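S.K.: Handing you this structure, nothing more for now.
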């Protein structure tokens, strides 16, 4: 597991700025502390942790038994825009000495605060690796700009949701350095015990308060519109006073505008009002219980849209500060909280409800994933970041490497019978190809793949080909993000839950991509074939089985569980023959090579296959090609079987046309030319008139699986990795 390039421990510096980010960083810190054989932990505390007005929250870090290596007073008081800028500058002045003394291998920073921006800037300029927690999220304020700026400085990213992961990818961050882990606070939140919650409620809200009969209010200034956010806070307090329920009010973050918000609280007498409890800080484990058993939470804190959903507690989200975040159904947005009546109406609608619990932001297992991710960091890798930019128009200028070497990929095709490895050039030329029988066991197969790839890589040097990576096409269902074969076809034994990426990458020291053969056929058409330049098309590959791939808006569709484009298992008959998938009536049960072989054997056993001009040697197995030969020589029964097979395939294509409405359907594989005319006839007879003009063509690619495997590598390099 260790990849840090030497035998010493990884020195990790965790820097925390305020009570909110500590709730996310503390679970990671506890996790690091439990593995002293792998990690050394340094803790740096700065920002509002060290300010009395905000509760001196550094004390809770000490209470958690963490040694604080450094305390940095970095907040310039004033709570306005200029003070925030000066605070960043003060942190930038102080941090270099600290980082020079600690010499961390990696610094962990969280979120979107201006303090975190100072930390990331310092570490980046001092060539210290940065792990950013909760990047890629969208809220809707200046926080977005700060968060995304930290993302560009950070070398590694831990995100909480699939959407955040996609945002990071769209920001051109290196895919291999992004971890979808979930929110670390959920590890503690989802395991919280409820038995003492009443004592916590009484401690903070009074002895007479019952569960679900109080409100938690947490509102911060919006630094891009301070005047409006202060007015909204004033209206919120008026609505809460009118609603007449016991309310716990937490002081706002130390942002521009926070001082004015505190003045509003004091002007309205909130600190002395019998229905209010105003506090600077609540420990996170107690805060969890308070929001879990509240009748409602109101304000604009990220906690309301992130953590509170795990309990189904009603939330009223005021204004635009969190408007871009993913939320559960427990959140009621009041974007224009411009009247007391509107906020009061929201309180009446939400208070006391119980919503389904949602776990959008985590499953309680983030910390183990993060620790594993940390252990995998290779300190010998170049520090310079790589960005994956989208495809651009090819540069007409020349590169000396392109002249002296042929940029190429190693392509691997795992078929039911053969295992093939090829060197494929950027132009789609197969420079060299190796073929072996596919072994029956996992161990033999993986060893043969490694052996063939090593041999091909050595040959590539002699052929002046620079190998950029390895692409693998295999039958079955594949998780291309992880490079894992989830479930294989029955033709490839011992090939379920197989990690292909790791052994090849470790052996060849090259990036590795994996996908199934149907998807690879579509990728081959997109880069080298008749799908080049098309926005939408579908490929059907006919061979031993039936597969396919769907290109939509120039991108390959994988589906939520990587099961998209299993086109061979479209059902075209309710009472058709059994299929290898366990169902019946699938296209594959009619039109695949296996299906034709089955029918050929039946005819042969009944002495109805052979016609004049045909013979089958005794040592040769009867197969699909014999059936096709018999049909060509006039065997009516063989012709009928092929017609039925082509009709089944044609009905599948009709269903695809009605579902996807692609601009082109490409039939690929050894049987495509035998089916094309029947498929077109079925479309004319069965399809809606509006899709009958869609082109259906036979692929002109000789090795679509190999070319598609290569295209995964070659497409990636054209994204201009820097």
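Cβ coordinates come from backbone N, Cα and C, glycine included.
On a predicted model such as this, the values are computed, not experimentally measured, just so you know.
Annotated UDP binding site per Swiss-Prot: 19, 23, 113, 220, 253, 282, 301, 302, 307, 321, in sequence order. The CMP-N-acetyl-beta-neuraminate binding site feature in Swiss-Prot is assigned to 259, 271, 280, 281; the stated evidence is experimental evidence. The region 'N-acetylmannosamine kinase' annotation in Swiss-Prot covers 406-722 and rests on similarity to another entry. Residues or ranges marked as Mg(2+) binding site in Swiss-Prot: 413. Residues or ranges marked as N-acyl-D-mannosamine 6-phosphate binding site by Swiss-Prot on the basis of experimental evidence: 416, 476, 477, 489, 516, 517, 545, 569, 588. According to Swiss-Prot, the feature ADP binding site maps to 417, 418, 420. The annotation N-acyl-D-mannosamine binding site is assigned in Swiss-Prot to 476, 477, 489, 516, 517, 566, 569, 588 on the grounds of experimental evidence. Marked as active site by Swiss-Prot on the basis of experimental evidence: 517. Residues or ranges marked as Zn(2+) binding site in Swiss-Prot: 569, 579, 581, 586.
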S.K.: Let me know the DSSP-derived helix, strand or coil state of residue 413 (Mg(2+) binding site), please.
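M.R.: The residue in question, residue 413 (Mg(2+) binding site), is strand (DSSP, three-state).
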S.K.: Given residue 113 (UDP binding site) and residue 416 (N-acyl-D-mannosamine 6-phosphate binding site), what distance in Å do their CA atoms have, once rounded to a whole number?
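M.R.: Rounded to a whole number, the Cα-Cα distance is 54 Å.
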S.K.: Please report the Cα separation of residue 588 (N-acyl-D-mannosamine 6-phosphate binding site) and residue 281 (CMP-N-acetyl-beta-neuraminate binding site) in Å, rounded to an integer.
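M.R.: The separation of the Cα atoms works out to 63 Å.
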S.K.: So among 280, 281, 566, all listed as binding-site residues, which is physically nearest to residue 418 (ADP binding site)? Use the C-alpha atoms.
M.R.: 566
S.K.: Cα of residue 517 (N-acyl-D-mannosamine binding site) to Cα of residue 579 (Zn(2+) binding site): how many Å, rounded?
M.R.: 19
S.K.: Can you give the largest Cα to Cα distance in Å, as a whole number, for the residues 416, 476, 477, 489, 516, 517, 545, 569, 588 that bind N-acyl-D-mannosamine 6-phosphate in the record?
M.R.: 18
S.K.: Just name the most isolated of the binding-site residues 301, 417, going by other Cβ atoms within 10 Å of its Cβ.
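M.R.: Each of the binding-site residues 301, 417 was scored by Cβ atoms within 10 Å; lowest is 417.
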S.K.: By a simple count, how many Cβ atoms lie within 10 Å of the Cβ of residue 569 (N-acyl-D-mannosamine binding site), its own Cβ left out?
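M.R.: Around residue 569 (N-acyl-D-mannosamine binding site), other Cβ atoms within 10 Å: 21.
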S.K.: Give the mean pLDDT for the region 'N-acetylmannosamine kinase' (406-722) on the 0 to 100 scale.
M.R.: 91
S.K.: Sorted by position, what residues of the same chain at least six away from residue 516 (N-acyl-D-mannosamine 6-phosphate binding site) have a C-beta under 8 A from it?
M.R.: 473, 474, 475, 476, 477, 478, 547
S.K.: Could you measure between residue 566 (N-acyl-D-mannosamine binding site) and residue 545 (N-acyl-D-mannosamine 6-phosphate binding site) for me? Cα positions, answer in whole angstrom.
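M.R.: About 11 Å separates the two Cα atoms.
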S.K.: Just to verify: the residue among 271, 413, 517, 566 with the fewest other Cβ atoms within 10 Å, which of the binding-site residues is it?
M.R.: 271
S.K.: Near residue 281 (CMP-N-acetyl-beta-neuraminate binding site), how many other Cβ atoms are within 10 Å of its Cβ?
M.R.: 18
S.K.: Output the one of 416, 476, 545 that, of all these binding-site residues, has the highest number of other Cβ atoms within 10 Å of its Cβ.
M.R.: 545
